[in-house]
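Single-structure report; data block below.
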Amino acid sequence: MGNFHATTIFAVHHNGECAMAGDGQVTMGNAVVMKHTARKVRKLFQGKVLAGFAGSVADAFTLFEMFEGKLEEYNGNLQRAAVEMAKQWRGDKMLRQLEAMLIVMDKTTMLLVSGTGEVIEPDDGILAIGSGGNYALSAGRALKQYASEHLTAKQIAKASLNIAGDICVYTNHNIIVEEL
């Protein structure tokens, strides 16, 4: 049986609000859609942190668990938890094999965390990952720049995922949006 992949997460900080959206598609290999309603965006740490994953589903659950443990260990300090998780992820021979990326955010900070040790904070308050990530990122930047007065963070997140779903075959329109 092939690898299961789950893709396209978009996150935005906008006008004091924050939202993260993920589509529901899980694809086995490059040919078969196995699930349409997966939940790839979650609230963690008593609802104060959002986390979303793109990549292998089983690997992502391992990383969610590991990140939540780091949040508890560092009392909700998002940046410290992300850095410590990235160090552990990169430094452990078994964890290095995990194929997933995470976006984590709270009301003030948003970070991309990867297994190669990157912990990246965007300049513009927008991040997107997964197969439709570039489409969602482009749409989100345009919406934030040109329609920001008229849209909420949640609306930007949902619209960006919808546009990605129109273009990317690995992204569907079963969109879940979480806000803080």
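Cβ coordinates are placed from backbone N, Cα and C, and glycine is handled just like the others.
Taken straight from Swiss-Prot:
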type: ACT_SITE; residues: T7; note: active site
type: BINDING; residues: G165, C168, T171; note: Na(+) binding site
Three-class DSSP secondary structure - G165 (Na(+) binding site): helix
Cβ-based isolation winner (fewest other Cβ atoms within 10 Å) among the recorded positions T7, T171: T7
Na(+) site shell beyond G165, C168, T171, criterion: Cβ within 8 Å of Cβ centroid: T7, T8, D23, Q25, S131, G132, Y135, A136, L161, A164, D166, I167, V169, Y170, N172, H173
Close in space, distant in sequence - G165 (Na(+) binding site), Cβ under 8 Å, 6 or more apart: T8, D23, G132, T171, N172, H173, I175
Neighbour count (Cβ, 10 Å) for C168 (Na(+) binding site): 21
Distance, C168 (Na(+) binding site) to T7 (active site) (CA atoms, angstrom): 10
